[in-house]
Amino acid sequence: MGETKYIFVTGGVASSLGKGIISSSIGKLLQARGYNVTIQKFDPYINIDPGTLNPYEHGECYVTVDGHEADLDLGHYERFLGIQTTKANNITTGRIYKSVIDKERRGDYLGKTIQVIPHITDEIKRNVKLLGNKYKFDFVITEIGGTVGDIESLPYLESIRQLKWELGKNALCVHLTYVPYLAAAGELKTKPTQHSVKELQSVGIQPDVLVLRAEHPLSDGLRKKVAQFCNVDDKAVVQSIDAETIYEVPLLMQAQGLDSTILEKMGLPVGETPGLGPWRKFLERRHAAETKEPINIALVGKYDLQDAYKSIREALSQAGTYNDRKVEVHFVNSEKLTDENVAEALKGMAGVMIGPGFGQRGIDGKFVAIKYTRTHDIPTFGICLGMQCIAIEFARNVLGYADADSREMDEKTPHNVIDIMEEQKAITNMGGTMRLGAYECVLQKGSKAYLAYGEEHIQERHRHRYEFNNDYKAQYEAAGMKCVGINPESDLVEIVEIPALKWFIGTQFHPEYSSTVLNPHPLFVAFVKAAIENEKN
């Protein structure tokens, strides 16, 4: 195509309007037209990455294949576009400032006074263009976190202003705002959007496209009013009303010609509108699945915020669609789970997920849930800490080591069936120091994991410091828990399963990060299938 085109997505009026979904939808529509697209997220917080952030603060921490702890929006990008993102796809203010300070310490600025303009803004611009320069993408979509008007966003907005001036038609700004509905007046109000656009204009940015988030449809008159007072073309005002599922948003945007408008404004041929056949088939199958009785699956964990397990929820949802059933996820707070109430808490559950996490809080409830599902032969899927809890519960109640534990929870345990990894022992810093990113795993032929994947060699993403202690491996296998997935370099146990049960698997890695709309993860598909079969019985 020639020069890379840059699309900036900003937000106004309120946070959590769905900039990530709009960015992903634009990317999907352009990708369907044959363009090579990637999406990056700029977060205005001063943390280097979200790796040490509490999930209640920021939702789940997503992990890229190259081992970067990233914003959960990267999960949306990957699920929608079916691409793999990297460290370069998620930048924070902390990383920008650290890079500038490191350069200053090296003497790269030759004694100049370091300022927000031009040094910070130049570093932001360099990172915006990095993906386009390095990988030759046709489009780089850049989502700016936060809301226009926030102090933290100002350097990013100034950088966008400069890039729009420098790049001309190769840069475009999409501004997402909120149009509230006042029930008392019975009407939608556009004034907040007008003020948000004026705020953007005050820093020198004229948005090219407006996406209006609303609970009710906008009339043509209302859209024309917004276009007139915000200085954009009529057809460049697009509504984004609430949809049944986020996966319908690309089709809603396409129906209003959003992708055509973007191409036209960037001087590119519009051509025929792509059919998005596989995407539409997925949605048709999803709608058909929703007409049936849902399959109930419990998610046992300590974070009751839905975004804390975002990728797991999406992976379960996708797996349900490909099993032609809607998955109803029931969160079960592990802090409140006891031997006395576990039967009631898991009543009616066709399958149980043991969620990932860190630390002692809520872990005893996970042991209770695992013991119950193991002894009642309920399909169970444990991820990361969930897999470690499966191993600990088995050691306590099957191997007979009542005081078995993880070194993370009890440094003095005499039976450390989960131990800290050797290379982690000398590490003191928390941020970015775990075993992160994609690693190889070899599956045991004939195992349920192997049957799910249909291949022997796989690669999955990790985020952990502790591992299964191979000193106990022979005892586990003799008692009925098999180690069926092994890293060929370190001999680290990646997958355990109990073959005698219907479906009882724990993975040290995070399979949810690799599940996409058009390619659901095989372990999740197999787990949901097992839950459906269990429900029949």
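In case you wondered, yes, glycine gets a Cβ from its N, Cα and C as well.
Swiss-Prot has this to say about the protein:
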- 1-268: region 'Amidoligase domain' (REGION)
- SER15, LYS189, THR190, LYS191, PRO192, THR193, GLN194, LYS225: UTP binding site (BINDING)
- SER15, ASP150, ILE151, GLU152, LYS189, THR190, LYS191, PRO192, THR193, GLN194, LYS225: CTP binding site (BINDING)
- SER16, LEU17, GLY18, LYS19, GLY20, ILE21, ASP73: ATP binding site (BINDING)
- TYR56, GLY357, LEU385, GLY386, MET387, GLN388, GLU408, ARG465: L-glutamine binding site (BINDING)
- ASP73, GLU143: Mg(2+) binding site (BINDING)
- CYS384: active site, nucleophile (ACT_SITE)
- HIS510: active site (ACT_SITE)
- GLU512: active site (ACT_SITE)
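A simple way to gauge crowding: the CB of THR193 (UTP binding site) has 27 other CB atoms within 10 angstroms, across all the protein chains here. Of all residue pairs in the CTP-binding list (SER15, ASP150, ILE151, GLU152, LYS189, THR190, LYS191, PRO192, THR193, GLN194, LYS225), the one with the greatest Cα separation is 30 Å apart.
Using a 10 Å Cα-Cα cut-off from CYS384 (active site, nucleophile), none of the recorded positions among ILE21, ASP73, ILE151, PRO192, LYS225, GLU512 qualify.
Proximity to LYS19 (ATP binding site), judged by a C-alpha distance within 10 Å, picks out none of the recorded positions THR193, LEU385, GLY386, HIS510. For the pair HIS510 (active site) and GLY20 (ATP binding site), the Cα-Cα distance reads 22 Å. Around CYS384 (active site, nucleophile), a 10 Å sphere centred on its CB holds 22 further CB atoms from the protein chains shown. Nearest in space to GLU143 (Mg(2+) binding site), taking C-alpha to C-alpha distance over the binding-site residues THR193, GLY357, GLU408, is THR193. In this structure, the C-alpha atom of GLY357 (L-glutamine binding site) lies 14 angstrom from that of GLU512 (active site).
Our reading of the ATP binding annotation (SER16, LEU17, GLY18, LYS19, GLY20, ILE21, ASP73) yields a largest Cα to Cα distance of 13 angstrom. Annotated ATP site SER16, LEU17, GLY18, LYS19, GLY20, ILE21, ASP73; additional same-chain residues within 8 Å of its Cβ mean position, judged by their own Cβ, are GLY11, ILE22, SER23, HIS76, GLU143, LEU176. Between the C-alpha atoms of SER16 (ATP binding site) and GLN388 (L-glutamine binding site), the distance comes to 34 Å. Comparing C-alpha positions, THR193 (UTP binding site) sits nearest to LEU17 among the binding-site residues LEU17, ILE21, GLY386, MET387, GLN388. In this structure the C-alpha atoms belonging to GLY18 (ATP binding site) and LYS189 (UTP binding site) are separated by 19 Å. Checked against LEU385 (L-glutamine binding site) by C-alpha proximity, the recorded positions SER15, ILE151, THR190, GLN194, GLU512 yield GLU512 as the nearest. There are 25 other CB atoms within 10 A of the CB of LYS19 (ATP binding site), with all protein chains counted.
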